[in-house]
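What TrEMBL annotates here:
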type	residues	note
DOMAIN	21-107	domain 'Pyrroline-5-carboxylate reductase catalytic N-terminal'
TRANSMEM	204-229	transmembrane segment
TRANSMEM	249-271	transmembrane segment
DOMAIN	249-394	domain 'Ferric oxidoreductase'
TRANSMEM	292-310	transmembrane segment
TRANSMEM	347-365	transmembrane segment
TRANSMEM	386-407	transmembrane segment
TRANSMEM	419-442	transmembrane segment
Amino acid sequence: MNKNSSNTMALAPNTSNKRETVCIFGTGDFGRALGHKMIQCGYPVVYGSRSTQISNLIPKDAEVLGHAEAAQKAAIIIIAIQRQHYNFLTPLAEVLRGKVLVDISNNLKLNQYPESNAEYLAQLLPGSKVVKAFNTVSAWALQSGTLDASRQVFVCGDDVEAKQMVMNIVRALGLTPLDKGSLLAAQEIENYPLQLFPMWKFPIFLSLGLTAFFFLYCLALDIIYTYIYENNNFSFFIAITIPNRVCPVMALILLALVYLPGIFAAIIQLYRGTKYRRFPDWLDKWMLCRKQLGLVALAFASLHVVFTLVTPMRAFVSWRTGKGIISQALNNKTEPLNHTNAWISDSYLALGILGYFLFVLLGITSLPSVSNNVNWREFRFVQSKLGYLALILCTAHTLVYGGKWFLSPSAYKWYLPNIYILSLIVPCAVLVVKFVLIFPCVDKPLTKIRQGWERNPKYSE
Ligand code: NAP
């Protein structure tokens, strides 16, 4: 079909509302919901069922026939039956020859069978044209009309014309077809509804593990230690003080972990002298979830901001301030302003504010609605250059905060470092190695490798 004719078709008024009959095998939940929607959209529907008795649940205007009889009435047959029953279709091979069979099935587990259900159906009925579609839409959403979150319907199949026919039905139902190519894509499409936030698993588990570790670490040093050795009960630190220690530590470490895989990738490429060899699986997976790690880090940083803003409202803080004022009054002596301390506290706050601002900018530009509106170079500029700047500012914020206590013995209760010292290990390592990587003697070969140069080319001319 040429381009003009398709345009003309799109603009031409619809002179005939008559739609082709569609056959649905199976009067189960999905078969009924899809049939109901199709009838609403003007498709005559005929069901192929083991029982031709009409029940109240079946859409009113639909016909119910035996499988062979129903199949003869339509060119498209939707198989709304579980894969384990597909064997019953083999005796119908002749009736189904040349027909378009739409496989909508899902499995209970990822990669449950060696081949996808759609490929299995195509093997059982080689004379039919199998198309995979509709498996990402739920029967409930079809029936209730609440399709907002899942309007997209992945479609794949080896026969282009058959795929077009199915995509036309998808559009007519008010959904959006997305052509995923040949039937080889069916396995991926079938795995799709079984995934539960796949990219979030690693960041969430890592954050939970690290948060629990740092929380217990603070509990031991700030509450248990003070109780045992100083006889002070600071158990209320559990509510705000400890969370406000753990959140910035988590934000800084996770932000550094966003940039660490890039550092590993650069070292591996330099070592191998080529970019054409795959990274190890763990690194590939880590690189793919950098955005999620960054967003979790931003959530921790935001919590740190909120906890810090409520600090003046805390009873413990007002008590401590009051105690300071009273002790000055009792001694009849005003403490002079310590300019060094004033500089340290203002710089610490300023670095934190700037770091957080860039952190928010990174989060906003990673949202699809924003990232779709910037080109690749702009996106890289924000995520890489400004990202490193955010890491530098946040690391400096922590260094200035702890600066004068690093060498003080009171910062090492039970010979353990305070958690802000622990939080600096990964970011400082990332920044130091990144600093080495931007030296021209390292950067030049790395850039050459990334442009396709190889130290020991496999296919030399
Ligand atoms: P269901 O309610 O269990 O219905 C399956 C239908 O298959 C039955 O009603 C029956 O229809 C037919 N059937 C059962 N055993 C059979 C056999 N031995 N031989 C021939 N036909 C048999 O299942 P469903 O929820 O509608 O799901 C159907 C397919 O759609 C599944 O592959 C599922 O993965 C897929 N799907 C479902 C949803 C959903 O939200 N439910 C969403 C996406 C995809 P008759 O009694 O009329 O013969």
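Every residue gets a Cβ built from N, Cα and C, even glycine.
The domain 'Ferric oxidoreductase' (249-394): residue composition by secondary structure is 122 helix, 0 strand, 24 coil, according to DSSP.
Outside the transmembrane segment (386-407), and at least 6 residues removed from its termini, the chain residues within Cβ reach (under 8 Å) are 248, 251-252, 255-256, 258-259, 294, 301, 344, 347-348, 351-352, 354-356, 358-359, 361-362, 418, 420-421, 423-424, 427-428, 430-431, 434. If you look at the transmembrane segment (419-442) against the transmembrane segment (249-271), you find at least three C-beta pairs under 8 angstroms, all six or more positions apart, and that counts as contact. Secondary structure of the domain 'Pyrroline-5-carboxylate reductase catalytic N-terminal' (21-107), assigned with DSSP and counted as helix (H, G, I), strand (E, B) and coil, comes to 32 helix, 19 strand, 36 coil. The average pLDDT the prediction assigns to the domain 'Pyrroline-5-carboxylate reductase catalytic N-terminal' (21-107) is 95.
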